[in-house]
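Student: As listed in TrEMBL for this protein:
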type     : residues  : note
SIGNAL   : A:1-22    : signal peptide
TRANSMEM : A:36-57   : transmembrane segment
TRANSMEM : A:62-79   : transmembrane segment
TRANSMEM : A:99-119  : transmembrane segment
TRANSMEM : A:126-149 : transmembrane segment
TRANSMEM : A:169-189 : transmembrane segment
TRANSMEM : A:223-241 : transmembrane segment
TRANSMEM : A:261-285 : transmembrane segment
TRANSMEM : A:297-320 : transmembrane segment
Amino acid sequence: MIRERYLNLALLAALLAVPVLAQVQGAPFTITLATKIAIFALAAVGLNLALGLGGLVSFGHAAFFGVGGYVIGILASHARNYEPFLTWPVEVAGTTQMLVLWPLAVLVAALVAAAIGALSLRTSGIFFIMITLAFAQMLYYFAVSWPTYGGEDGLPFYLRGDFPGLNTMDPISFFGLCYALLLVALWLFHRLHRARFGLALEGARQNPERVQALGIRPFQVRLLAFILSGAITGLAGALYADLNRFVSPAMLGWQTSGELIVLIILGGVGRLCGPVAGAGLFFLLEHWLGGLSEFWQFWFGLILLCVVLFARGGLIGALAKDQTHD
Amino acid sequence: MSLSLLLEQVLNGLQFGMMLFLMSAGLTLVFGVMGLINLAHGSFYMIGAFACAGVAMATGSFFLGLVAALAAAAVAGVLVEMLVIRRLYDRDHLDQVLATFALILVFSEGTRYLFGSFPLYLDVPPLLSGAVALPGGIDYPVYRLAVILAGGLLAVGLFWLVGHTRLGIRIRAGEADREMIAALGVDIDRLYTIVFALGTALAGLAGAIVGTLQSVQVGMGEPVLILAFVVIVIGGIGSIKGALIGALLVGLTDTLGRSLLPVAFAAFLPPSEANAVGSALASLLIYLLMAGVLVFRPSGLFGAVRA
């Protein structure tokens, strides 16, 4: 247990130190890479809540990631073009204020998660996997065929949102924002894990009948976890949209959902910093293998296959050598 | 929209549904018998399409291509089952998702390496090209009619196989109680390999058939895979009948929605807007159908009700 805590601190320190060093040396690409890692780690922290603690294998978290992104993209493009977002019943203008956009992205992603969760959680197992995948794909096709916000081509919006007192176009400032939000999400995950809610959720994964006998309805606990999970992933989607200053249906695609699961497995399911370790490993592998071969995904697939078949517990599990997670 | 145009769309929907059935039948058997979720099923669809396109280009014969597609997908299925899938039956669904997701990456990039990123095109064989005049005054492509017919025959064949042969009895027994049939002396490893290869061969056939209607390219399998999931959710896991009904429902809903909704919206919206709203909503229809089925029958139309 103690070892895993040190490992977590080392990981978070490394994720902070690398871009700071890169800033000193003037290597903006490294900062962007670290920002990407922080954002995907944040998205995976969200998924880890549902998948790791709740055992809900959602193959549709791209839906929340993309929805968060589109909230930013749509409102920012309205603000840049000075067109009101809504004219009826009240006039609502677009905005570029991150402090307004973030809560909105979280709220919309939570609402979408509530709708998808309420339907999908009626089932379990293989059905749940297929249904979450199908609903995410529904949003993907909707984004592709809805022409107002770019359709298949996506929606560029040129400038990042504004944050009081910071120049968000400066890579290291933007990294700082993402890193801070990642820390908040990790703190939340840690607190929830230890709270009654987290215990009920883990109980619902391990033995739903017993949890029910204790007077807790597994459905409600799972739904709440799914909504929280979607909200956190939605916030990550909002940051990713701002990082690229572009949203496209690809954010909603099934590959994104698959990648988020891969991050968690690589890092270690249900572990606090599993998503951080997984995201770091994934993007470093992508960077390294991508430099070696044009067909890096082939080799990545083989590595992943070996990890699943032979090395369970992920990176943190391999390094921490304890059994805190079943 | 005239009646003949509507009839043509119904036929298109049936053809799409039959293709989805070929894809879903194997998936639902593997789910039902082995309890395995196989995301890489779409890769076998792609392998079938590429094998067919490759052989058809080399020999000039589409029918040799079909044979090659069946053979390639079946052989790939046997290999994948014996090397990877076999280790996953006792694992939880998360491991199955991950391992088969990894297989998708391997197959997609492997195919890109072998065939390149440019799409291939397959021609409709001369025997099945052209159109026939159907009653009601429509000319309908022979090839699509042949697909509907072949799909129907294969469905009948599968029902016969599962319902009336020794292999079918074993498959159904495996769904009900796998320890029991292993104890009765059935070689369960071989049974699983056969069922898996049967499913991948059907997926390969579906890919080869569609190769003449769409382009053959890397990544063509996954959208169809997700539609097959929708089919299975609607039809119920493990049920061939459910897969057939679900596939036809999805095929007809999607095709008719795409052609009728824009027309329906044109009644009260300007044409360009009606087209946009109609086609965007049409892309949601099958998922709404799925949601509706889930609300009323969470285990699908023909799925066994499980506690």
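Glycine residues also receive a Cβ, built from the backbone N, Cα and C atoms like all the rest.
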Student: Against which stretches of its own chain does the transmembrane segment (A:99-119) lie, if we need a Cβ under 8 Å and a gap of at least six residues from its ends?
Tutor: 60, 63-64, 67-69, 71-72, 75-76, 131-132, 135, 139, 161, 163-164, 222-223, 226-235, 237-238
Student: Can you work out whether the transmembrane segment (A:169-189) touches the transmembrane segment (A:223-241), with the criterion being 3+ CB pairs under 8 Å where the paired residues are 6 or more apart along the chain?
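Tutor: Touching, yes - the transmembrane segment (A:169-189) and the transmembrane segment (A:223-241) meet the threshold of 3 or more Cβ pairs under 8 Å.
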Student: Where else in the chain does the transmembrane segment (A:36-57) make close Cβ contacts, counting only residues six or more beyond its ends and a cut-off under 8 Å?
Tutor: 15, 64-65, 121, 128-129, 175, 178-179, 181-182, 185-186, 189, 192-193, 198, 201-202, 204-206, 221-222, 225-226, 228-237, 239-240, 243, 259-261, 263-264, 267, 269-271, 274-276, 278-280, 282-283, 325
Student: So what's near the transmembrane segment (A:297-320) in sequence-distant terms, Cβ-Cβ under 8 Å and 6+ beyond its ends?
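Tutor: Contacts of the transmembrane segment (A:297-320) (Cβ under 8 Å, skipping residues fewer than 6 from its ends): 3-4, 7-8, 262, 264-269, 271, 273-274, 277-278, 281, 285-286, 289.
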